[in-house]
Ligand code: BGC
């Protein structure tokens, strides 16, 4: 069965940050620091999904999706990072999973979508190798409780983005500005993935995936130095995260002057390269780079993708980039590429209801239509794609942008928490009903 789904993440939708024994996450801390998130927004209430999850499951059932990718809030389960398990936190996901199963929706749970317990950040966060072991403990606890009903598990969400925004540039929690010294956060997340995958399987998990945010990389010109810059960016963004999980080795970062990885220990790569049941891919847009004007610390600079429509975020809309990405993964990894799930794809728009109450998001319909066609094209070219999840079910807390970027199939009025399915929701319902595959 091809999985048609929607995706969300705990901190972006749940709210209820101080309820039922939940501990603080790095995002609670960061969002409450003045100036970190646009307009001072926080995830304190978000979409109030913690209380309204049943309404949200009903919305998904009416949409006709057969899967839902959500993330588990680590600090709801282990408020202080280790030790005592918060039963009420497990209880919330228990109810959600039961509700999904009753609605015929396959749960796909992400373990880590960026909301690390603050207590673990206080011990070094992902710069501390021990966090990988803490992740395995957490994975075992949630799988022991939920794996009887959750068939699909995703260990990490976009370790590249978390490393770059969270540790290198500091625009996301935990807000560290370490530039290339952030590279240990890549290795430790990947180790966390591998150890968590083992723990998940030991506690009955069926399918284990990791989700990487991938981008086709375009050189700004055919000049040797631009081609070299594109190769360097591809290594850092794509291969640093795909090679170790699929091939059991890291690409050669030092060839590009990017050599701040921590020393590997025996067994690390074997742990990271656990056989996967699928690779999750999040795709938003391609990236075009050129050689740096000034020799700085990075061997590339952004050249911008022009000549395409853009989203409210200003991101270029390039549906064929998804076909290029998927076929490129197949060409690069061949037999080592497991089945692929597009675990996120979507766009932000300035959506508001019109006088008739309708949210007429034609741009999102065109976006989804084009990207679903790109998945179909990749499948026709031999890529084994098993699922497509729209980011996102609901408008939600878009990290450093607060509530200013709307990605939902369903509009959320944050003052009232009223949910209004947009035109794209109705379009997708018909699209899914008409065809079982892209
Ligand atoms: C993340 C989501 C985010 C989306 C849009 C992805 O990088 O996984 O949490 O909301 O992109 O920015």
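Glycine too: its Cβ is placed from the backbone N, Cα and C atoms.
According to DSSP, residue 158 (active site, proton donor) sits in a coil region rather than a helix or strand. Residue density at residue 158 (active site, proton donor): 24 other Cβ atoms are found within 10 A of its Cβ, drawing on all protein chains shown. Under the heading active site, proton donor, TrEMBL lists 158.
Of all Cβ atoms in the shown protein chains, 26 besides its own fall within 10 Å of the Cβ of residue 344 (active site, nucleophile). DSSP assigns residue 344 (active site, nucleophile) to a strand. Summarising the annotation, TrEMBL assigns active site, nucleophile to 344.
Marked as substrate binding site by TrEMBL: 12, 113, 157, 284, 391, 398, 399. In this structure, residue 284 (substrate binding site) belongs to neither helix nor strand by DSSP; it is coil. Sequence-distant contacts of residue 284 (substrate binding site), defined as residues of its own chain at least six apart whose C-beta falls under 8 angstroms from its C-beta, comprise 213, 215, 315, 344, 345, 346, 347.
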Using a Cβ cut-off under 8 Å and a sequence separation of 6 or more, which residues in the same chain sit near residue 391 (substrate binding site)?
6, 7, 282, 344, 345, 346, 407
If you skip the near sequence neighbours and keep only those at least six away, which residues in the chain come within under 8 angstroms of residue 12 (substrate binding site), Cβ to Cβ?
43, 46, 47, 113, 392, 396, 397, 398, 399
Fewest-neighbour residue among binding-site residues, criterion Cβ within 10 Å, set 113, 157, 398, 399
398
Simplified DSSP label at residue 399 (substrate binding site) comes out helix
Please classify the secondary structure at residue 12 (substrate binding site) using three-state DSSP.
helix
